[in-house]
Amino acid sequence: MFRNQYDTDVTTWSPAGRLFQVEYAMEAVKQGSAAIGLRSKSHVVLACVNKTSSELSSHQKKIFKVDDHIGVAIAGLTADGRVLSRYMRNECINYFYTYESQLPVGRLVVQLADKAQVCTQRSWKRPYGVGLLVGGLDESGAHLYYNCPSGNYFEYQAFAIGSRSQAAKTYLERKFESFMDSSRENLIKDALFALRETLQGEKLTSSVCTIAVVGIGEAFHILDQETVQELINEFEIAGEEAPVAEPAAPDQAGVAEPAAPDQAGGAEPAAAADADDDNQAAPGDQGAAPMDM
């Protein structure tokens, strides 16, 4: 991605009106391990994939507690994520000390976006190479925000960032309309299913993922591995039973075949459509190999 003389510092604009160092920072987010966020009326669930740089090392922490009502999941450079999470903690502490109330999530996100934007207009600085999913609960309800290295921020119902996140986004786009009325358990279930989409065939276990929850009457906390593994086992069993019941429908159609012979001809287009769906789903799984971030 070398851009000659136009990427030597962050304040140099290319003839096309682009800041390449900001784009490099956004690329670092795409190469980081996947992080997912979902929210309902009362809860926010953050989930991430644990990646190790080698078999001899442990994974780096990707979910951080900011306050009892706010937490973040990151994708990209973990060092930058730790710096920003510490800044967010200080802002929450100072606000509580001054006003004796919890800092609203939206206000914290704006302050974080302003801090990131300053790094895009100072030649002696560089953009933060990390994307943050900020989940929290305040008087106006549950919130989920995405903070971009460029200084932009967006509020989402559900979102995924990082390597192979497109597969998770596809799953979330199919399900997001039901998230607002979902229970805590269903949100965690959908987060695990979305994480499984990013693994590309790798088995989902509690050792390769981290789940955190915040909600009404429930302070932000990270679920322990035993609890996560129990949930994975429960959901995988349910997922294995569902496909077994589906083939029963074609058998019943086969029994009624003599009465309605036209249905037999209709099976081939349906099969072809399913094959097309599979072919379309395949490119989404072909992502760039994630950097060990």
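Here the Cβ of each residue, glycine as well, is placed from N, Cα and C on the backbone.
Among the ranges 138-189, 242-293, the stretch that TrEMBL annotates as region 'Disordered' is 242-293.
Mapped onto DSSP helix, strand and coil, the domain 'Proteasome alpha-type subunits' (6-28) counts 11 helix, 0 strand, 12 coil.
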